[in-house]
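These notes concern the structure reproduced below.
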Amino acid sequence: MGTRAGMGRRSLPRLVCDAGYDEAMAIEDMADAVERLKSGFNKFKTEVYDKKPELFEPLKAGQSPKYMVFACADSRVCPSVTLGLQPGEAFTVRNIAAMVPAYDKTKYTGIGSAIEYAVCALKVEVLVVIGHSCCGGIRALLSLQDGAPDNFHFVEDWVRIGFPAKVKVKKEHASVPFDDQCSILEKEAVNVSLENLKTYPFVKEGLANGTLKLVGGHYNFVSGEFHTWEIKS
């Protein structure tokens, strides 16, 4: 067998049956995927980490980010890249549709603990919730039908956090096409999450004494635009 460096994708010899060949190719593809991560880190190490000690040395002692950013887990959305944030600048939470649930000590504690740590321990100054164009989670929210069975184990229950935004959009924009309603809902769901942030006692306290600010954002990767707005306490 020749080396992979000098051969194309179908570098493995044909096996006894197609099923065996497909399995072998899947293993090779998985190896390529892991190698992509390793080579990506090596590139980062030599071109960024090693060349910017003034950035990375202080981070060894701890972090003091100014921002807490809530963004969608969509692979097309990367707030550190799109906003030009450096390591140490933003404490980030990513999930389906960038949803923030209301305060509840017994539910969604993964989100609650992140908010509490960011506000109470790290002393972040700005809480930012960012929606984005073509969001599948928002589309799922708008598509929910009363009484219809869920298609996923978790997704529908999660996006229902934004239900008040859906009601608002359906009421105020009933005559516009579905895709346009989705675009409007992408922003309205951000507003619901921002209002939900106010239900956390430590956030409410920070807003009252002026140490915290709430900011909404929307990233349109189709047109290459980013808009922000502030929510008053």
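Cβ atoms here come from the backbone N, Cα and C positions, even for glycine.
These features come from TrEMBL:
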type	residues	note
BINDING	CYS72, ASP74, HIS132, CYS135	Zn(2+) binding site
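Cβ-based neighbour count (10 Å, all protein chains) for HIS132 (Zn(2+) binding site) stands at 25. According to its DSSP assignment, CYS135 (Zn(2+) binding site) is coil. DSSP gives ASP74 (Zn(2+) binding site) a coil state; it is part of no helix or strand.
Note: the Zn(2+) site is recorded as CYS72, ASP74, HIS132, CYS135; in the same chain, ALA71, ALA73, ARG76, VAL77, ALA97, ALA98, GLY131, SER133, CYS134, GLY136, GLY137, ILE138, GLU186, TYR219 also have Cβ atoms within 8 Å of that site's Cβ centroid.
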